[in-house]
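Annotated in Swiss-Prot:
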type: TOPO_DOM; residues: 1-17; note: topological domain 'Periplasmic'
type: TRANSMEM; residues: 18-38; note: transmembrane segment
type: TOPO_DOM; residues: 39-52; note: topological domain 'Cytoplasmic'
type: TRANSMEM; residues: 53-73; note: transmembrane segment
type: TOPO_DOM; residues: 74-90; note: topological domain 'Periplasmic'
type: TRANSMEM; residues: 91-111; note: transmembrane segment
type: TOPO_DOM; residues: 112-144; note: topological domain 'Cytoplasmic'
type: TRANSMEM; residues: 145-165; note: transmembrane segment
type: TRANSMEM; residues: 167-187; note: transmembrane segment
type: TOPO_DOM; residues: 188-226; note: topological domain 'Cytoplasmic'
type: TRANSMEM; residues: 227-247; note: transmembrane segment
type: TOPO_DOM; residues: 248-256; note: topological domain 'Periplasmic'
type: TRANSMEM; residues: 257-277; note: transmembrane segment
type: TRANSMEM; residues: 281-301; note: transmembrane segment
type: TRANSMEM; residues: 305-325; note: transmembrane segment
type: TOPO_DOM; residues: 326-343; note: topological domain 'Cytoplasmic'
type: TRANSMEM; residues: 344-364; note: transmembrane segment
type: TRANSMEM; residues: 367-387; note: transmembrane segment
type: TOPO_DOM; residues: 388-397; note: topological domain 'Cytoplasmic'
Amino acid sequence: MSESVHTNTSLWSKGMKAVIVAQFLSAFGDNALLFATLALLKAQFYPEWSQPILQMVFVGAYILFAPFVGQVADSFAKGRVMMFANGLKLLGAASICFGINPFLGYTLVGVGAAAYSPAKYGILGELTTGSKLVKANGLMEASTIAAILLGSVAGGVLADWHILVALAACALAYGGAVVANIYIPKLAAARPGQSWNLISMTRSFLNACTSLWRNGETRFSLVGTSLFWGAGVTLRFLLVLWVPVALGITDNATPTYLNAMVAIGIVVGAGAAAKLVTLETVSRCMPAGILIGVVVLIFSLQHELLPAYALLMLIGVLGGFFVVPLNALLQERGKKSVGAGNAIAVQNLGENSAMLLMLGIYSLAVMVGIPVVPIGIGFGALFALAITALWIWQRRH
């Protein structure tokens with residue numbers, strides 16, 4: 001059955017506004033919860049190497065449910081899927097508030113996030129299309145990064161004041177996202193009537209993976225976004241250990257302020273990409289990807305706060321300019337071949353596999369005692385080389 005698409009000529013339709021608000025609140029909760037839970041781990045004297053494990057159980061949920069969440073997004077009204085997923089996040093955050101093991105509660109939030117992601121991006125192609133899709137992605141990324149900016153800072157600052165207050169604020173944000181989802185129009189399911197046999201769903205997902213991987217443009221997008229988000233998540237945890245070593249600051253708030261600089265930069269970069277890059281000129285974003293690694297390397301050598309702020313903002317600008325066109329390319333090509341929901345689910349599998357791999361290597365490096373500054377230098381150099389290799393491969397094919 002072909003995918004039905006519902007579009008609106010206005011980029012600021014009622015439905016689009018509801019999606020952006022819901023995304024902001026949901027992402028605010030995600031980022032505040034991460035830093036609030038990290039503060040909880042520190043307060044309960046968990047070892048340093050366990051910090052990235054928290055994110056690994058989160059992304060593990062993405063990987064485990066990857067064969068199924070794309071079909072869920074395409075089989076039901078995407079706004080309702082988003083509401084259900086935010087309800088799961090609310091339950092996970094509340095469980096941590098009430099003393100449940102933080103790794104278990106955070107895993108439940110990860111399950112909600114896994115269900116949420118294909119729906120939140122897939123719905124953009126139903127509310128708008130064509131040239132407005134890149135701009136809609138820019139709005140989505142800007143909303144997400146604004147939420148990362150405010151959520152990260154709120155999580156760290158509130159945790160320095162009282163950890164339980166920080167956790168409760170996360171639960172309230174998820175509750176607000178559930179309410180915002182109610183105002184998203186109930187669009188027709190994109191691909192109703194598909195089989196719910198788990199074996200068939202897994203086979204269908206693997207077929208979608210194969211289809212997207214065989215297409216040069218979507219393979220290029222999948223690899224690029226996977227490298228970017230894997231590196232981005234690893235950088236967040238690198239900052240938590242880098243700040244006390246390089247700057248001599250031991251509070252919970254400073255790493256969140258530094259993460260906020262990345263967030264501000266990504267908003268700027270996403271806006272620039274929406275104006276300067278189209279689906280036909282996606283390769284313009286590649287030099288920015290290479291420079292991300294170079295700037296991370298330079299950043300790792302800093303010992304003063306102001307240069308660190310400036311370099312992290314530059315990393316964000318480069319990151320926003322790099323990732324927004326790649327997201328739009330995958331959605332547009334994927335919608336026509338395997339369905340937007342399935343395309344985003346495959347993208348999530350790639351991105352979260354990269355996160356799991358990079359976080360695992362980072363956690364292992366910390367566990368065996370490699371100093372955080374050499375870890376940062378190696379991380380930046382390897383990322384720059386990886387994006388360079390991807391660009392060379394893309395130009396040849």
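Cβ from N, Cα, C; glycine included.
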When counting Cβ pairs under 8 Å to the transmembrane segment (305-325), the leader among 18-38, 53-73, 91-111, 167-187, 227-247: 227-247
Recorded stretch, among 53-73, 145-165, 257-277, 281-301, maximising Cβ pairs under 8 Å relative to the transmembrane segment (227-247): 281-301
CB contact flag for the transmembrane segment (167-187) and the transmembrane segment (257-277), at least three pairs under 8 A: no
In contact by Cβ distance (the transmembrane segment (145-165), the transmembrane segment (257-277); 3 or more pairs under 8 Å): yes
Top Cβ-contact partner of the transmembrane segment (18-38) among 53-73, 91-111, 145-165, 367-387 (pairs under 8 Å): 145-165
Long-range environment of the transmembrane segment (91-111) - Cβ separation under 8 angstroms, sequence gap at least 6: 29-30, 33, 37, 40-41, 53-54, 57-62, 65, 164, 167-168, 170-171, 174
DSSP-derived helix, strand and coil totals, residue by residue, for the topological domain 'Cytoplasmic' (388-397): 9 helix, 0 strand, 1 coil
Same-chain residue ranges lying at least 6 outside the transmembrane segment (367-387) that approach it to Cβ under 8 Å: 49, 224, 227, 231, 234-235, 238, 241-242, 245-246, 286, 289-301
Average pLDDT across the topological domain 'Periplasmic' (248-256), rounded to a whole number: 90
Distal contacts, the topological domain 'Periplasmic' (74-90) - CB-CB under 8 A, six or more residues away: 3, 15, 18-19, 22, 26, 29-30, 108-109, 111-116, 118-120, 122-123, 126, 171, 174-175, 177-178, 181-182, 184-194, 339-342
Helix, strand and coil counts within the topological domain 'Periplasmic' (248-256) (DSSP): 4 helix, 0 strand, 5 coil
